[in-house]
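Peer 1: Sharing a structure, written as structure tokens. Questions coming.
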Amino acid sequence: MNPTWSRFNITSIVLGFAFLYLPIVLLVVFSFNESKLVTVWGGFSTKWYVSLFHNQGLMDATWVTARVAVISATVATVLGTLAALTLTRYTRFKGRTLFSGMVFAPLVMPEVITGLSLLLLFVAVGLDRGFLTVTLAHITLTMCFVAVVVQSRLITFDRSLEEAAMDLGAPPVKTFFQITLPVIMPAIISGWMLAFTLSLDDLVIASFTSGPGATTLPMKIYSQVRLGVTPEINAACTILIAVVAVGVIIASLANKRREVQRQRDEQAAQRG
Amino acid sequence: MKSLGSIRRDFAPWNDPNAKPYIQFDKVTKKFGDFTAVNNLSLTIFEREFFALLGASGCGKSTLLRMLAGFEDPTAGRILLDGQDLRGIPPYRRPVNMMFQSYALFPHMTVENNIAFGLKQDGMPKPEIAARVGEMLKLVKLEQFAKRKPHQLSGGQRQRVALARSVAKRPKVLLLDEPLGALDKKLREETQFELMDLQQSLGLTFVVVTHDQEEAMTMADRIAIIDKGEVMQVATPAEVYEAPGSRFVAGFVGNVNMFEGKIAHGEAGAASIDAGNGITIRTENAGDAATGAAVAFAIRPEKIRISSTRPAGAVNAIEGEVYDIAYLGDMTVYHVRLDDGHVVRASTMNAARITEDPLSWNDRAWVSFRPDAGVVLTR
């Protein structure tokens, strides 16, 4: 069938993309606005980017967010991978259904509830709210996402690889680090990236569990916006978008290249 | 020096009562929940033997192999290797290596690192590892592929890497799980002979699991036919084919014509069998089957002659009608429907290019065989 650009198709695409990207485009455009008024175009300028780097509050928040995201994503990746391993490998222990349900519950749990319950816990155990509590909360939030990603890879993992390694003399721990881990590494890395981005843009849970001195970037942006949107915020958001977009593009290009290379190799191998 | 062929000819430790068994399955049972995969099975394998476990899928043959490798523990019974009970010894401490059906090559390692993996686990010094890997690559003729990753190899090359990896450590026993299952027919036949040569030159004990009877017949010194977790017969390929121990074995290995009947009159191995509908078969291979015993008479298609007239002096000759002909090039297979409805399969080698007496569909024909051509089965 020929691809037909009927009026209906064009309308759908334009509406769809406008719906998704118009707000973002507006935000990016106005970040280059000369005027201090967000909704009035006053000519092109990059001055808000310059002033952004002199805004100590925003820079501090960015630093906090980056640290929280890296630490929580790393810890969540370790825990999530362990959970995924247990769930795929030990399929017959008592309470497995309950356990797997509990690991994945935070996926659908409203963030407000997760945030509130964590807040109550931290207050109950007398943990001062700050950097540590936000990080812990983000580990809780993102661990299950990692578990899902890693588990779906482990389900298709050929167990005979591990058996072959053991057969050749590698004890279980060595087998795990030399065979299992390298083979599932791509899934673990995408799990980490997912956890990192989730932590990066979380506002709700951070608001509940953060304290003085540990304001994350989304919290900072939100609080500043309540006092009125400044083009500085637009600039900050544009940078954030750029970072995420570049990350996604690099990841998908690398993936694509690997796939193409693999196909070429396989064809070469078939030819002999 | 003796050639490999003559060593092979003299090799029959199973006939020597003083020969020391190398691998022993001693009343081994393996249950998975309610399912009994292996049932009270005993089996003896000798050093340097090429031993095949032959059976349909799900018969328990792979479970036997996995118990030998250490991936499964027997529910009951013992497995001994060179006199040592293997119970409780984990796979990574057993002097056996396995070649997996899926090959299980490590996808993130090059061919040479795959082969070196086992040697590294033993803490072998680097120069020695390099030398051994080179030797293995040469053995399987993959020298120029050392730096490739598994996905850059063809199926046959992968199979050879898997083989090289599993023999690199010079294990006492090499286990092969359907080693040629994933190759196409032509490559499979070539590889069968390569495997036999390899086993001879390395002097290893091979235990191979297969569902392909031709593969087992070609390669093995002895074959164990397994069904429902039990051994049906252990014998050399020729014995399994020419002297099957039961109806199951006769039917499982090769093609066979089976006549059910009763021993009408027997003495000293010779007997006549009443196969019903007026068919009487005279045989010299009745063994000690008693008169009146219900038996099956089994005869291979190539031992049946087919002709358009009754051969003069034939002891066993039965008339029928040609009902199907399959021309296979090297031979022709005839299906003859006897007058009682029984279909007999007879095959003739096409020694000459043109046969002078071609039988055609629906022709009347006689099938005849010598009294020593078939066997009598009581089980």
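Including glycine, each Cβ sits where the backbone N, Cα and C put it.
Annotations per TrEMBL:
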DOMAIN    A:62-254  domain 'ABC transmembrane type-1'
TRANSMEM  A:12-32  transmembrane segment
TRANSMEM  A:68-87  transmembrane segment
TRANSMEM  A:99-125  transmembrane segment
TRANSMEM  A:131-155  transmembrane segment
TRANSMEM  A:176-198  transmembrane segment
TRANSMEM  A:233-254  transmembrane segment
Peer 1: Per the 3+ Cβ pairs under 8 Å rule, pairs at least 6 apart in sequence, do the transmembrane segment (A:12-32) and the transmembrane segment (A:176-198) touch?
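Peer 2: Result for the transmembrane segment (A:12-32) with the transmembrane segment (A:176-198) is no.
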Peer 1: Can at least 3 Cβ pairs under 8 A be found between the transmembrane segment (A:131-155) and the transmembrane segment (A:68-87), with each pair 6 or more apart in sequence?
Peer 2: yes
Peer 1: Which of A:68-87, A:99-125, A:233-254 has the most Cβ pairs closer than 8 Å to the transmembrane segment (A:176-198)?
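Peer 2: Top-ranked stretch among A:68-87, A:99-125, A:233-254: A:68-87.
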Peer 1: Excluding the flanking five residues on each side, which residues at least 6 beyond the ends of the transmembrane segment (A:68-87) place their CB within less than 8 Å of a CB in that stretch?
Peer 2: 96, 99-100, 103, 131, 134-136, 138-139, 142-151, 154, 184, 188, 191-193, 195-197, 199-200, 206, 214, 216
